[in-house]
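Everything below concerns the one structure shown next.
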């Protein structure tokens with residue numbers, strides 16, 4: 001079978017927020033095709049690889065025709081005739097073509113989408129699942145961390161200061177049951193909110209986004225919903241937080257508008273410690289801001305033996321920044337987002353670097369998503385054990401959970417559910 005690249009086509013499509021994004025189709029000489037679409041974040045770290053947007057009147061400046069043309073006019077001529085099975089070589093060519101440290105010239109949205117489409121075309125050509133192609137011996141199914149209450153930028157700052165309140169069915173016996181448990185709690189929470197006269201409208205990621213009096217209230221509501229659904233908080237289902245603290249960090253302080261508090265890094269750590277004592281929290285992501293290295297190290301030293309401390313914006317899936325984090329003991333886990341670094345190869349390198357050091361790895365969607373389920377396969381392939389991809393609501397979120405159900409079915413008796421052990425220090 002001739003797996004050399006014959007044709008590359010890029011186009012502008014819409015993401016889940018109605019904003020343009022890049023989609024790429026790759027056809028190999030054997031006639032096999034691969035398609036991929038790029039996600040986009042709402043709360044983006046300043047150190048992330050750069051999305052290329054047109055900045056013109058159409059789509060309010062968010063068009064991606066320039067990124068599409070970069071694929072067609074610059075990337076495609078250099079990749080035609082190359083073997084799709086040589087992922088690392090293809091990604092290296094695109095990185096060299098761009099020539100910037102953050103992919104600002106061609107755009108991470110152009111480069112990544114091609115990189116993903118190449119991997120999918122290669123997997124299709126080998127007639128295997130993408131997860132099997134990227135990780136032939138991997139059988140670990142992840143804990144689905146479902147974002148069932150939204151705040152911060154994901155809810156237009158109408159509710160909690162904290163961006164995501166997730167549930168993690170750590171006590172489930174397998175992945176399909178974990179999904180069922182999560183769905184039942186999600187529907188239970190909707191009933192709880194209705195009874196309290198709170199809004200059941202959903203945010204970008206499918207979670208509910210009611211106006212609440214404090215950042216603790218969503219956790220209380222979720223614990224109530226877990227109990228109403230017939231599960232034991234902490235034992236069956238734990239809580240996972242992503243405050244996305246860079247969004248309320250300014251001049252060295254953290255401003256919690258919901259509670260009219262202005263706190264230092266140490267005081268924020270105290271705040272989280274109090275939350276952990278009250279609620280069954282197993283993991284906190286971006287509890288402090290993206291450049292608060294000293295604060296992160298303090299928080300990890302203080303809380304890292306009790307819960308998982310995840311770095312997202314501080315690491316941006318970048319091996320160089322993860323290296324620094326390992327040296328300074330900044331966290332004990334890293335969030336993985338494909339479009340933060342911009343190629344499949346670099347993403348895999350970041351995951352393996354963290355795993356080799358004993359850190360936890362949680363793969364993540366973005367708030368502006370498509371129905372591409374690449375991250376579901378990636379999570380299993382690399383044995384990450386944790387995936388967050390929104391609530392069990394909205395098609396672009398549910399598609400990832402559904403793809404994992406298919407992978408679990410394919411693995412059969414070989415499938416192993418990660419459970420509580422996936423979370424560092426939990």
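Here the Cβ of each residue, glycine as well, is placed from N, Cα and C on the backbone.
Swiss-Prot has this to say about the protein:
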- 163, 337, 366, 367, 388: (2R)-2-phosphoglycerate binding site (BINDING)
- 205: active site, proton donor (ACT_SITE)
- 242, 285, 312: Mg(2+) binding site (BINDING)
- 337: active site, proton acceptor (ACT_SITE)
- What whole-number distance in angstrom separates the two most remote CA atoms of the (2R)-2-phosphoglycerate-binding residues 163, 337, 366, 367, 388? 17
- The recorded positions listed are 205, 242, 285, 312; by CA-CA distance, the one closest to residue 163 ((2R)-2-phosphoglycerate binding site) is 242
- Close recorded positions near residue 366 ((2R)-2-phosphoglycerate binding site), where close means Cα within 10 Å, chosen from 205, 242, 285, 312: 205
- Query: Taking each of the recorded positions 205, 312 in turn and counting other Cβ atoms within 10 Å of its Cβ, which one has the fewest?
  - Reply: 312
- Whole-number Å only: compute the distance from the Cα of residue 312 (Mg(2+) binding site) to the Cα of residue 367 ((2R)-2-phosphoglycerate binding site). 14
- Note on the structure: Counting other CB atoms within 10 Å of each candidate's CB, the least crowded of the binding-site residues 163, 367 is 367
- Roughly how many angstrom lie between the C-alpha atoms of residue 242 (Mg(2+) binding site) and residue 388 ((2R)-2-phosphoglycerate binding site)? 11
- binding-site residues compared (337, 388) - the one with the fewest other Cβ atoms within 10 Å: 337
- Task: Calculate the distance in Å between the alpha carbons (Cα) of residue 337 ((2R)-2-phosphoglycerate binding site) and residue 285 (Mg(2+) binding site), and round it to a whole number.
- Result: 13
